[in-house]
Amino acid sequence: MDGSRTSLDIEEYSNTEVQKNQVLTLEEWQDKWVNGKTAFHLEQGHQLLKKHLDTFLKGKSGLRVFFPLCGKAVEMKWFANRGHSVVGVEISELGIREFFTEQNLSYTEEPITEIPGAKVFKSSSGNISLYCCSIFDFPRTNIGKLDMIWDRGALVAVNPGDRKRYADTMLSLLGKKFQCLLCVFSYDPTKHPGPPFYVPHAEIERLFGKICNIHCLEKVDAFEERHKSWGIDYLLEKLYLLTEK
């Protein structure tokens, strides 16, 4: 990579439509878990969240934090250990079970009667509830309003054609004075079809700008050796804070 391509000042790719017809099915996501193709999972948690977590929480306790497409994110334990309640949604039952096993947490499971085949897994301590279903089937009316969202790997995984529906779902879950931390990726989408999908700043404005103040907290070079196989030569990760207008 030449020096200009490693710069954090690389302009975002102007064509936001290039990936609009890309689709991954729920079955394909489940297969990724079964086949161990989960390089997106961060065993040590997300370092940008770790860096900004105390600023994000502002010393509060008892908050309700939502993890869309949660997988087995270790960050759920971070919030629970700080006295917050975690609600997650994940299509892979395997991912949910691995979370509880790897975090040494006992849990219960029960069916969600209004959603055929869906289940909810709850930690025995009661402060982590993970719903195994599609994000669009998530029983929103049952859980009440949430204070925070940590979206790392959700918006960038949702099929581009479903983003507006996804954003509206997220916003419908939030109560007053909400905060949302959102991570997205910037790269040349003509070279890699996704996922993770390319989400430029303009798309975040389109999806959330009417309801939210949007502030980019940090931008980092996220390019690793494995990303060369994607055909790209740079990858930036951006952390946004969305707050109620």
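Glycine is treated like the rest: Cβ placed from N, Cα and C.
Not measured: the values here are computed from a predicted model.
Database features (Swiss-Prot):
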type: BINDING; residues: 29-40, Leu69, Glu90, 134-135, Arg152; note: S-adenosyl-L-methionine binding site
type: BINDING; residues: Phe40; note: substrate binding site
type: MOD_RES; residues: Ser14; note: phosphoserine
type: MOD_RES; residues: Lys58; note: N6-acetyllysine
I'd like the Cβ neighbour count for Trp29 (S-adenosyl-L-methionine binding site), meaning other Cβ atoms within 10 Å of its Cβ, all protein chains included. 19
Cβ neighbours within the same chain of Lys58 (N6-acetyllysine) - under 8 Å, at least six residues apart: none
Can you check which residue among the binding-site residues Lys32, Asn35, Leu69, Ile135 has the largest number of Cβ atoms within 10 Å of its own? Leu69
